[in-house]
């Protein structure tokens, strides 16, 4: 019986390859990739090329359909429009001012949350600061309309001032821009706090233990351990804030009335594009879209290369300091 069992025992099955090691024909993964490829082509590439075509064409005669010519005349006319210049000013200043304020405030709040040692309290504060992100945008806009109201607004009552934030009636005023900044920073704070606090909590605690043994103070640990460890997260958030800053669309603060936004100095590039598309002036809308795209790309490149330049300068300074110490020894 024992010999029979040995003879008929099950043979070991050969080791199977993992799913990433198996040879698969080309068409199977390509078919899975086709929906995403088709969506990107239809809703990204095609609109982009149509925008290029509209932006670089202008009508010599508005009464003739076949009078469109290729050139830069639309861009020249675009920069001569006061509404576009106003929107360009507000969009640029919003992105320049809101970016550092949002990042710095989010880092400070996230640091406070991380240093709360009780897990229950930590999760509670994360939830509190994330609530604005999941709150209805309409409800938030209505709340800020009442907060920024010139006659009975909470902000004016707290500081005992009478600033017309959203209803000054002046095109060149900066009051509307400050109101848009307050609204935008508060709205973007929730997501940034959640992401940065999660990144801080994922830093290896061994690094802090070693730093404590070396006598490093908490502030030094923050700048030498925490910030370098969450650098990829900060770069990701900077990219999102750059795109969001240039594409600010504050029409909800003006009760959905774009003309009221322009009249009170609250116009932006995206609001200008919205007006031109509604008026079926696609050439100006396409040119403004290309200007917005170029500004966003240039702004992002300047910031990213600027951070790399700062890091390189810090490395050179530290290297020079170490070499000086070694030479003294």
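Heads up, the Cβ atoms here are built off N, Cα and C, so glycines get one too.
As annotated by Swiss-Prot, transmembrane segment applies to 30-50, 96-116, 128-148, 176-196, 234-254, 283-303. Residues or ranges marked as domain 'ABC transmembrane type-1' by Swiss-Prot on the basis of sequence analysis: 88-303.
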Of 30-50, 128-148, 176-196, 234-254, 283-303, whichever stretch has the most CB pairs under 8 A to the transmembrane segment (96-116): 176-196
Seg_contact(the transmembrane segment (234-254), the transmembrane segment (30-50)) with at least 3 CB pairs under 8 angstroms, min sep 6: no
Long-range environment of the transmembrane segment (30-50) - Cβ separation under 8 angstroms, sequence gap at least 6: 286
